Amino acid sequence: MLRVFIFFVFLGSGLTGRIKPQITCKYFISENNTWYKYNVTILNGTIVLPAYNTIPSNAAGISCTCHDIDYLQKNNISIHYNTSILKTFQDIRIIRCGMKNISEIAGGFGKELKFLDLRYNDLQVIEYNILRKLIRSNTPTYLYYNNLMCGKRNCPLYYFLLKQEQTYLKLLPQFFLRRINFSNNNTYLYHFLSCGNKPGHEFLEYQTKYCRTKFPEINITVNQLTAKKNTERYKSCYPLVFISILCSCISFLFLFICLLRSICKKYSCTKQGKSGHNYIPLIPSYTFSLKKHRHPETAVVEDHTTSANSPIVYIPTTEEKKVSCSRRK
């Protein structure tokens with residue numbers, strides 16, 4: 001019996017050594033709030049996440065976990081990410097798949113992203129603008145249990161976090177710090193994996209001082225980060241600001257024209273009232289004279305509005321004729 005037991009033990013160990021590691025992937029359907037498993041294939045030594053032609057079009061999320069990343073690395077199996085499909089997801093969870101840079105999938109972050117989980121990867125660099133975008137959109141993001149570098153490439157991130165520590169320092173455990181439980185006193189310490197056991201504030205002060213001393217060529221200062229943040233914040237409001245300024249200019253011009261017209265009218269009226277000249281009507285006035293004419297039919301009308309004073313024959317009415325005749329009698 002002992003020999004049979006030893007035989008089955010060796011057989012089981014041999015079989016487990018030959019079993020290829022599995023990559024468990026699921027897609028999420030929001031209509032029924034359910035996750036569904038699907039198989040991932042290795043094609044030409046490459047795994048594509050999410051896989052082509054395996055996820056329905058109405059999927060709202062993806063969750064993939066690599067159970068044995070060491071096997072993938074030893075067998076030169078690489079993982080590529082399909083960012084065009086990731087843009088349609090609200091929930092992205094890629095765990096323990098050896099991701100070294102968040103920018104590998106940052107192009108797939110759409111506006112609909114509501115949850116991001118990249119724990120237990122090998123993230124070494126995190127661009128501060130990507131982290132700021134995730135924070136500003138209030139997206140729950142889990143980046144801890146990674147391997148963030150203490151070197152030059154993360155200096156802008158340290159500057160950004162130190163400046164915004166009052167707001168973002170509380171979120172550090174959620175994003176990329178790991179938690180260690182000391183069983184002796186049940187205390188927790190948050191620190192970067194490869195940057196020593198320093199608390200968040202002390203670590204940021206140490207790292208920013210280190211960056212400014214060792215890498216002075218990095219010209220991204222705290223003030224520049226803040227200015228860039230404010231510029232990006234109000235960048236979407238520029239068209240509205242331009243329209244409001246244009247409307248205010250038009251209204252000001254209209255008021256100015258109205259005020260100018262009222263002043264001109266008032267000035268012209270006062271000037272006319274002070275002058276001794278009589279008001280000259282627009283209709284030409286005619287002076288009728290009956291100079292030395294016996295008959296009113298030959299009366300001459302003198303036009304004072306013209307320089308030629310050309311005579312115009314005036315034909316009197318019947319009543320005027322009667323008045324003229326009565327005067328003669």
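Cβ coordinates come from backbone N, Cα and C, glycine included.
Feature annotations, courtesy of Swiss-Prot:
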DISULFID  Cys195-Cys237  disulfide bond
CARBOHYD  Asn32  N-linked glycosylation site
CARBOHYD  Asn39  N-linked glycosylation site
CARBOHYD  Asn44  N-linked glycosylation site
CARBOHYD  Asn76  N-linked glycosylation site
CARBOHYD  Asn82  N-linked glycosylation site
CARBOHYD  Asn101  N-linked glycosylation site
CARBOHYD  Asn181  N-linked glycosylation site
CARBOHYD  Asn185  N-linked glycosylation site
CARBOHYD  Asn219  N-linked glycosylation site
REPEAT    112-133  repeat 'LRR'
SIGNAL    1-16  signal peptide
TOPO_DOM  17-239  topological domain 'Extracellular'
TOPO_DOM  261-329  topological domain 'Cytoplasmic'
TRANSMEM  240-260  transmembrane segment
- Item | Proximal residue to Asn44 (N-linked glycosylation site) among glycosylation sites Asn32, Asn76, Asn82, Asn101 (C-alpha distance) | Asn76
- Message: If I take the alpha carbons of Asn76 (N-linked glycosylation site) and Asn101 (N-linked glycosylation site), what is the distance between them in whole Å?
- Response: 18
- Cα proximity to Asn32 (N-linked glycosylation site), best match among glycosylation sites Asn39, Asn82, Asn101: Asn39
- Message: Let's see if you can do this one: DSSP helix, strand and coil counts over the repeat 'LRR' (112-133), in that order.
- Response: 6 helix, 4 strand, 12 coil
- Densest Cβ neighbourhood among Asn32, Asn39, Asn76, Asn101 (glycosylation sites), 10 Å radius: Asn101
- Do me a favour and check the Cα-Cα span between Asn101 (N-linked glycosylation site) and Asn39 (N-linked glycosylation site); whole Å is fine. 25
- Query: Highest CB neighbour count within 10 A among the glycosylation sites Asn44, Asn82?
  - Reply: Asn82
- Task: For Asn82 (N-linked glycosylation site) and Asn39 (N-linked glycosylation site), determine the Cα separation and express it in whole Å.
- Result: 16
